[in-house]
Amino acid sequence: MGARNSVLRGKKADELERIRLRPGGKKKYRLKHIVWAANKLDRFGLAESLLESKEGCQKILTVLDPMVPTGSENLKSLFNTVCVIWCIHAEEKVKDTEGAKQIVRRHLVAETGTAEKMPSTSRPTAPSSEKGGNYPVQHVGGNYTHIPLSPRTLNAWVKLVEEKKFGAEVVPGFQALSEGCTPYDINQMLNCVGDHQAAMQIIREIINEEAAEWDVQHPIPGPLPAGQLREPRGSDIAGTTSTVEEQIQWMFRPQNPVPVGNIYRRWIQIGLQKCVRMYNPTNILDIKQGPKEPFQSYVDRFYKSLRAEQTDPAVKNWMTQTLLVQNANPDCKLVLKGLGMNPTLEEMLTACQGVGGPGQKARLMAEALKEVIGPAPIPFAAAQQRKAFKCWNCGKEGHSARQCRAPRRQGCWKCGKPGHIMTNCPDRQAGFLGLGPWGKKPRNFPVAQVPQGLTPTAPPVDPAVDLLEKYMQQGKRQREQRERPYKEVTEDLLHLEQGETPYREPPTEDLLHLNSLFGKDQ
């Protein structure tokens, strides 16, 4: 622990805490990173005390540098941490880990005069030459030299096959990774694929067919003189009967070069395209947009299936212009047809943005509910016949008595007299049965309406009118008796005190005739 605590002190420790782990990042170095680096040095047989000086850090870098290209992430992190500590001991101003690594590289190059001590990340992949050369065949010292594929390239190819499972992305991925490769390198890539042996067998069959067709189209010219390079056969292009040196000579000879690497790549691309169709049996005609699927997701699926189709570009263009709109859902199709003839993809994506999503469904639902819940439109004739509200309190139209702002009207609203309400108003007309609880006039007999100012001279034609008037007067008297019972009781008591008999009206003839109307029921 003593060595760990004495590695950086004072200003050096403060300087360490100002250096960022990554360019533009928020995290910075702490003392715990030095403790971690000291623990990792024990695994490589290096003493912790080497971190206390600039020379000791340089010895650590000399040991770790050759292992960085193929080392683990912990080894690379240890190398980066030691570079930062070396810069602090050397009083070099750095802001982050990348700056410290660059300073260390320049120092190592200046001391040794070569780039042997530099990490592999800074080494060029191929030396410069007049003609140049694609990786892995490089032109060094006037000769073409073959460099095998790196494990990183092979690992990238295997991951591509395992993750995409021979999707449409495998073909362009193979083209990028096999650029400039010889048939020997391409066979290495194919041999690294462990799974999907059915697809590998399909590719082998395609290679055999293309090799046989090559032999038919390129027959052997005849016996060759000694020392002359022979012409490649189909098996030579496939890398089964040729060496790497012969393949390089065919590719880069000055007269009539044969790009065996590119030819072999085309054969494999044909096989990969068949594998893509086998592993992706969905036809582009079956790609249709779902009722709730966003238009952008539908376009992604459409173009992914179109990418797997091995057809003429003109046919693909027709599919894009016709099927993309034809297989859209009704909502998006209605929007796309409004864009006119041959709209661009950008216009279609912009116009259909949000169509079919939750926002658009919510708007449609809100509009539907608004139509259902909202009041039904009133016909013009019915609106003209509708009468306006009339207030019983102030007599004005346009509002009801409950909404009236005028002072509350006292007394009966019909006759204006106090002491009763409109329901019990004596001025209300009633039939021979009196005022019923229904609040309307009885319909037993028609009531003759006599105009004001006119008195009929002749007796009524119908005798029932005279009888109805008598019933109305009798009903009026009965209402008055019901409304003032206390007054009648007091009058009876006064008559008894005076020794008189209380006056009672005898039953009228009209009420006696009422019994005859109903027979024996009364």
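Indices start at 1 and increase along the chain as displayed.
Heads up, the Cβ atoms here are built off N, Cα and C, so glycines get one too.
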**Item:** region 'Interaction with Gp41' according to Swiss-Prot, located in which of 7-31, 232-256, 407-431
**Value:** 7-31
**Complete:** For Swiss-Prot, the entry motif 'PTAP/PSAP motif' belongs, out of 72-75, 112-115, 456-459, 460-463, to 456-459
**Message:** For the annotation zinc finger in Swiss-Prot, which listed range does it cover: 209-226, 299-316, 389-406?
**Reply:** 389-406
**Fill in**
Taking DSSP helix as H, G and I and strand as E and B, the zinc finger (410-427) has 3 helix, 0 strand, 15 coil
